[in-house]
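K.L.:
Just lifted these from Swiss-Prot, have a look:
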type	residues	note
BINDING	19, 20, 21, 22, 119, 502, 503, 548, 592	5-methyltetrahydropteroyltri-L-glutamate binding site
BINDING	418, 419, 420, 471, 586	L-methionine binding site
BINDING	418, 419, 420, 471, 586	L-homocysteine binding site
BINDING	628, 630, 652, 713	Zn(2+) binding site
ACT_SITE	681	active site, proton donor
């Protein structure tokens with residue numbers, strides 16, 4: 001008989017409080033450390049993570065993950081892409097035998113492209129997209145995870161293995177032959193039946209966030225049948241998150257599972273009518289995605305109502321992967337600091353609520369939480385603002401095109417980049433020295449001007465048509481603006497994993513947003529003074545600023561987005577006054593916030609489009625507005641991309657083999673567009689044949705008068721030799737394509 005637990009979290013971060021895994025991975029990749037050292041670092045991190053939950057009575061354990069949980073699952077199931085099969089097994093140094101194929105799939109090799117990468121549901125975390133086919137056969141090998149699990153058991157940790165569930169894995173996979181990944185669902189449940197029986201643990205957790213999305217009834221029937229079989233093992237805990245748990249309960253309640261986890265934050269505490277108290281309800285009442293302190297009194301009241309219906313355990317709404325480790329080392333003004341809870345503070349909140357539910361309430365802690373909630377609610381910095389908004393429309397696109405062609409005088413298939421150029425050690429050093437006050441602001445700005453000199457000169461030498469200043473002064477495309485806008489704060493150590501070794505430090509949007517002074521104008525003016533070619537003004541759009549920040553949850557996102565948009569509108573006006581003829585307002589994250597259920601999508605798409613247009617509609621018709629988008633599965637949002645009414649949209653496309661082109665063609669997209677022809681996420685220089693092929697594919701779907709030639713994304717993370725070589729290929733391909741089409745603008 002499985003014994004219930006009372007307190008846990010859905011999952012834990014893996015990168016390390018000081019980004020230890022990041023640095024170990026990068027050291028291994030560049031050859032400065034051996035595999036044994038990487039393996040040891042990963043083991044130390046999972047031990048530390050388990051120890052952080054010593055006050056809870058059940059500990060989630062996903063093993064040593066070296067890049068991504070979906071990629072881990074593909075490795076365990078033996079379905080890493082076949083093109084990496086020729087990579088030999090790794091030597092026995094503590095890393096899994098398949099680790100080199102695993103890293104090949106994640107990062108690509110000199111000759112093989114990486115797997116596609118996209119956002120995990122509506123979060124800012126990325127996963128590697130599994131590649132399957134109708135002929136895929138699963139070959140189970142969980143030996144590495146089982147070994148890691150035994151190490152935790154030897155340490156006395158009450159660990160439960162955590163797996164990505166069959167429905168979620170297949171729902172997020174793609175096939176290379178057009179078949180439906182979900183056709184493999186019955187077979188994959190059979191594999192999972194063997195997998196979970198191999199764990200010598202009381203509980204096993206299977207994550208199925210796909211169950212909060214729209215799932216076809218016939219698929220839900222298969223899921224119910226599959227989990228009915230898995231439940232016979234005993235101690236099977238199916239966890240859901242990122243949305244209401246009602247559909248999961250309707251599907252899974254009463255089939256013999258030990259526990260079902262539900263998110264009680266994203267859509268609040270819903271009715272959960274299907275739960276009759278037969279299973280342990282793991283109540284995700286502490287927000288795992290955002291950094292605001294929990295209203296402990298309100299949460300406890302909700303938990304008590306649920307506990308009257310059956311057994312419950314207190315948990316987080318999702319894995320703590322999405323929030324920073326701790327507030328402990330942060331120097332944040334006391335008023336706002338009291339409003340916040342990072343990972344370790346959320347673990348404490350779970351413990352406080354579980355104890356209180358058991359009758360052991362910590363009155364002082366509850367009083368402190370109530371005081372913080374009241375302070376945030378009554379602060380002048382969060383008070384509602386009432387104002388009349390300016391218009392959100394420009395002239396017709398045909399009118400704008402005519403004026404812009406005369407103003408810009410660009411060739412056919414104009415070449416450009418997305419914005420950032422390599423953040424070199426000298427740039428990072430200058431920023432660090434400024435932070436430590438070992439150089440003056442004037443010295444720092446002179447160093448940045450020298451970098452801009454280099455970037456402009458390199459672009460002119462390469463023959464690019466529209467230039468950028470390279471953004472050397474920006475540590476991050478959102479954080480840079482957050483540090484210059486009122487209503488935001490930055491953390492010192494608030495790192496979260498974005499993908500693999502890449503970490504980001506999201507700003508905190510805690511109050512009303514405004515722009516006290518111009519933010520980018522002086523850098524644009526300096527860059528434009530160095531060249532006769534057009535230099536783009538570079539801004540980050542309102543939706544992306546929200547998506548990549550921890551955003552206040554005490555007012556509608558639409559209201560906050562409009563506040564950011566008004567600040568950007570002022571900045572655009574100042575850039576135009578300074579001479580900018582092309583201004584790029586990046587919205588790479590516009591799809592990330594798209595709700596997971598169809599019923600919720602129209603409202604989001606309306607306010608996200610409205611906020612972009614509020615930011616850009618003040619630009620005269622002869623000024624060309626660009627936008628850029630990443631990781632966007634355009635079929636779902638193409639009508640909204642058109643509604644943004646940007647003159648040119650650049651899109652990440654190379655890594656997904658130009659799949660975006662079908663959406664563009666079927667939609668009748670008539671605006672300017674630049675589908676990326678160089679995948680900058682893989683550390684390799686594309687061949688001329690590769691870029692020529694992508695550009696030729698683009699020309700078959702897009703009118704040459706609309707088409708721009710550009711990389712997938714910014715070049716911040718790449719090195720100069722690779723950038724120069726790749727851009728040389730890109731520019732030459734564009735020149736040859738111009739000759740073939742024989743067109744000029």
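Every residue gets a Cβ built from N, Cα and C, even glycine.
Each of the listed features needs to be described in terms of its position in the shown structure.
P.N.:
Neighbour count (other Cβ atoms within 10 Å of the Cβ, all protein chains): 23 for residue 119 (5-methyltetrahydropteroyltri-L-glutamate binding site).
Counting only same-chain residues at least 6 apart in sequence, those with a Cβ under 8 Å from the Cβ of residue 586 (L-methionine binding site) are 418, 419, 477, 538, 539, 540, 541, 544, 627, 628. According to its DSSP assignment, residue 586 (L-methionine binding site) is in a strand.
Within 10 Å of the C-beta atom of residue 419 (L-methionine binding site) sit 24 other C-beta atoms, taking all shown protein chains into account.
Around residue 713 (Zn(2+) binding site), the same-chain residues six or more apart in sequence whose CB sits under 8 Å from its CB are 418, 588, 628, 630, 652, 676, 680, 681, listed in sequence order.
According to its DSSP assignment, residue 681 (active site, proton donor) is coil.
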K.L.:
Helix, strand or coil for residue 503 (5-methyltetrahydropteroyltri-L-glutamate binding site)? Use DSSP.
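P.N.:
Once the DSSP labels are grouped into three classes, residue 503 (5-methyltetrahydropteroyltri-L-glutamate binding site) ends up as strand.
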K.L.:
Using DSSP and three states only, what is residue 21 (5-methyltetrahydropteroyltri-L-glutamate binding site)?
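P.N.:
DSSP assigns residue 21 (5-methyltetrahydropteroyltri-L-glutamate binding site) to helix.
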K.L.:
Cα of residue 119 (5-methyltetrahydropteroyltri-L-glutamate binding site) to Cα of residue 420 (L-methionine binding site): how many Å, rounded?
P.N.:
21
K.L.:
Count the other Cβ atoms sitting within 10 Å of the Cβ of residue 681 (active site, proton donor), across every protein chain shown.
P.N.:
23
K.L.:
When you measure from the Cβ of residue 503 (5-methyltetrahydropteroyltri-L-glutamate binding site), how many other Cβ atoms are you left with inside 10 Å?
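P.N.:
The answer is 17 other Cβ atoms.
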K.L.:
Sorted by position, what residues of the same chain at least six away from residue 420 (L-methionine binding site) have a C-beta under 8 A from it?
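P.N.:
Those within reach of residue 420 (L-methionine binding site), by Cβ under 8 Å and sequence separation of 6 or more, are 468, 470, 471, 474, 477, 714, 715, 716.
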